[in-house]
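Structure first, then comments.
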């Protein structure tokens, strides 16, 4: 069992080395991983930090934890089950689950190929939430420049405005409804499925269920819903929702972009799996990103991480990463239930570039807090405007350089004297122009935005988050905070829909709003 961090000599050595390591990019550090280039030059680094990191990983039993992840051990130790998403994308899945995985892959491919041959389903509406939504939504948006076989729309929020907008102008006689829910009890996809089914019925579709597909780990619940066995695609309890893109949850990707695109996405992720599994620590991209993340959060005191993809096609990457990181690492309890003892998961936020520069980069450059930044950009574009792509890359590199280098007072004063003749006013202006610099960042360069490169990028973030969980001694595969809120919502909806019932065990504010909403006509 990993040692509580604050009391361990390995942690104290790591923290001391991180505090005293260079944060000014004195040594170039670029790692190649599964076709990506990851530049960690602007993160804290020294030989002492590398040595301390190796000792910390040994203390936290990292090699054993990683082996459990890939071998189907109880990596999700609070729920006593594997977190075996790596098996889903392996070319040769592990023997215990190979038959099930390959069987579902084959069923999915035959379903898509049959729909293609029949020219069926010009439109697809995917109903999920969280992990069953963000992954396929992000991938179909990111790769649609390669051409769409079908229009795929997504609705996730229980706010029915969302599903109403998604259904607008679709042909009910040529639309496939996908209901994606691991438990098949989740409120949002089932509520939206009811709306979609009524839409089909009201349009005169004779047998609406024939146009509905379920993706779930709870086959019995999908059967009870009325969906035919041939239209139920399965994944398993050992696949976490936020890691489920690699399962049948990838069906909308195959319907929109083709089965070959989905295969390439899986292959890219599998290539990153092999890099993470076999590459030594000092050249291991996900592991180095994790070590930087732990140092930034737990030693250097940064409370958040900004992710800025300089590619408008990656607009949904930020919320995907938000769920991955914050649902995985927003915890405090270690293996024995005691607190981790150091700050853990950061807030994750961001926006695509260059919009981000005109929204929050002022804060990143000159606020007293600041935040580490992940810059993501493609070397090659998929449009013919080469000059403008170079302009995009130049902006990305310039913002990163400014965060790293900063602008000292002497340089700012020279600039100020060029525009302000009064010496006192020039000195005042110079203080406004100072940039502290030394702010950490990572640059991730994709060769181009292909399915393979995107799969590698997503898997790299998954492994980075896993490694941070191991280093902090927390379980990155459960989500008890999410479950607690869902349980409270079930109680509140019963009280809202039964005005005569007693409102019990609610705090004063919640009780006030339940009473007020009951009085609405």
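Cβ coordinates are placed from backbone N, Cα and C, and glycine is handled just like the others.
For reference, Swiss-Prot has these:
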ACT_SITE  327  active site, proton donor
ACT_SITE  358  active site
ACT_SITE  486  active site
Fewest other C-beta atoms within 10 angstroms of its own C-beta: which of the active-site residues 358, 486 fits that?
358
One should report the C-alpha separation between the residue listed as 'active site, proton donor' and residue 486 (active site), rounded to whole angstrom, as 14
Cβ atoms other than its own within 10 Å of the Cβ of residue 327 (active site, proton donor), all chains, total 22
